[in-house]
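Colleague: Have a look at the structure that comes next, please.
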Amino acid sequence: MAFKQLFAAISLALLLSAANAAAVIEKRATCSNGKTVGDASCCAWFDVLDDIQQNLFHGGQCGAEAHESIRLVFHDSIAISPAMEAQGKFGGGGADGSIMIFDDIETAFHPNIGLDEIVKLQKPFVQKHGVTPGDFIAFAGRVALSNCPGAPQMNFFTGRAPATQPAPDGLVPEPFHTVDQIINRVNDAGEFDELELVWMLSAHSVAAVNDVDPTVQGLPFDSTPGIFDSQFFVETQLRGTAFPGSGGNQGEVESPLPGEIRIQSDHTIARDSRTACEWQSFVNNQSKLVDDFQFIFLALTQLGQDPNAMTDCSDVIPQSKPIPGNLPFSFFPAGKTIKDVEQACAETPFPTLTTLPGPETSVQRIPPPPGA
C-alpha cells in the first residue's frame, strides 16, 4: 500500500476513534508526575520534555534552537527515495534519525550545512534518556513548535528504530532548486503533491537562515519569526528590493524588508501557477495554516515507518500557545501596501490587509543562544 493511502487510513482510524471516545471507557496510565497517558511507555517522555524545555529551549523559547530543531525534522524525514529503491539502490530510511547517527556523513551534505550544531546539542539528550534518535528528533521538533505561539497542537508517535546506514546525498531540496525539482523530490519521498509542498513550507514561518549568506547569520524569512503565523506567506509575495547582506549568493533573491532573507525556492514556488493560489490561501487564514501543517508534519515524521506499529504519545506534547491578541493573523509590514504585492494567483484576489503603522519595518536577526 502506498504511504499516503496507509497514512490516510490511519488518520481515518484516529478520527473514528475520537468520535467514539465518549462511548468507550479509555484505559489510561498514570505517570509518576501524576499526569495520565494512553500508554504507560509514554511516561518516560515527560522527563525528556522537562529536560529539553529547560536545557535545550531555555525555558520554552521559540528561538534559534527551536528553529533548528524543526529544520532537523524535515532534513531527516525527507531523505527517503522509493525511486532509488526500485532501482535496487538504498534510498534512505526517512524519519529514522540517520542524520544524527551518521552525522559525520549527513551533516556534510550541502543542504544540511549548519545542522551539525543542533545535532551536537541534541545528542546528549538521546544518550541520557535512552530514546532512539529518530523518536527524539520528531519529539524535539514538536516541542519546539509548541513553544512558538500560533502553532498547531502536534501529534507524536514513537517506535522509530535506529537507522542502520546513512541516507544518500541528494535527497534534501536546496534553495536554488527549481520548482519542478522540488515537486518531484517530495512526490518521490511520500507521494506528496504540489499543494502539500506548500503546506510543508509553512515551517518557514518560524525559521531563519545561517548559511546562505556567509556575511550574516540568523536572518529570518519573515518579520515574525517567533510566531507561527501566515505572515511568511504575505511577505514572500512582496516585491523584493534589496539583499540583507552581501547579495549574489546561490539560492538567494532580493527580499522586501531590511534584515529579512528570501531564498529562491520560496520566491519561485510562491509565483508558480501550480502553487501560487495555495500559497495565497494561507494569507489571513490561520485555521487552514494550522490544520494543513499539523497533517503534513505528522506525515513527514512517519516516512519510512509503519504507522500501525507506532505508539501514540501525543499526551506528552505541551499545549500550543495562542498568537498574542494584539497582532492580526496577517498584515502588511509598515511601509508596505497592496501595491507591493506581486500576485501570482489568477483565481482569487489578494486578501485585504491593514498596514502596520510606523516607519519602514526592519527585521531583527534571531539572537544567538544564551551564553553563546
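Along the chain as shown, residues are numbered 1 onward.
Glycine is no exception: its Cβ is also placed from the backbone N, Cα and C atoms.
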Colleague: If you pull up Swiss-Prot, which of Cys43, Cys62 shows a disulphide to Cys148?
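Modeller: Among Cys43, Cys62, the cysteine that Swiss-Prot links to Cys148 by a disulfide bond is Cys62.
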Colleague: From the ranges 235-257, 304-326, 350-372, grab the one Swiss-Prot calls region 'Disordered'.
Modeller: 350-372
Colleague: Given that Swiss-Prot annotates Gly94, Asp96, Ser98 as Ca(2+) 1-binding, name the residue from Asp51, Asp76, Asp135 that shares the site.
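Modeller: Within the candidate list, Swiss-Prot flags Asp76.
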Colleague: Cys31 has a disulfide partner in Swiss-Prot; which of Cys42, Cys43 is it?
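Modeller: Matching partner in the record: Cys43.
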Colleague: So, in Swiss-Prot, which cysteine from Cys42, Cys277 is disulfide-paired with Cys345?
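Modeller: It is Cys277, per the disulfide annotation in Swiss-Prot.
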Colleague: Can you give me the Cα-Cα distance between Ser205 (Ca(2+) 2 binding site) and Asp76 (Ca(2+) 1 binding site) in Å, rounded to a whole number?
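Modeller: Each residue's Cα considered, Ser205 (Ca(2+) 2 binding site) and Asp76 (Ca(2+) 1 binding site) end up 19 Å apart.
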Colleague: Among the disulfide-bonded residues listed here, Cys62, Cys345, whose Cβ has the fewest other Cβ atoms inside 10 Å?
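Modeller: Looking at the disulfide-bonded residues Cys62, Cys345, the Cβ with the fewest others within 10 Å is that of Cys345.
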Colleague: May I ask you to report the DSSP-based helix, strand or coil state of Cys277 (disulfide bond)?
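Modeller: Where Cys277 (disulfide bond) sits, the three-state DSSP reduction gives helix.
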Colleague: How many Å separate the Cα atoms of Cys345 (disulfide bond) and Asp229 (Ca(2+) 2 binding site)?
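Modeller: On Cα coordinates alone, these residues lie 20 Å apart.
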Colleague: Identify, in sequence order, the residues in the chain of Cys42 (disulfide bond) that are 6 or more apart from it along the sequence and have a CB within less than 8 Å of its CB; answer 'none' if there are none.
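Modeller: Counting only residues 6 or more apart in sequence, the Cβ neighbours of Cys42 (disulfide bond) under 8 Å are Ala29, Cys31, Thr158, Thr311, Asp312, Cys313, Asp315, Val316.
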Colleague: According to DSSP, does Ser205 (Ca(2+) 2 binding site) fall in a helix, a strand, or coil?
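Modeller: Assignment for Ser205 (Ca(2+) 2 binding site) reads helix.
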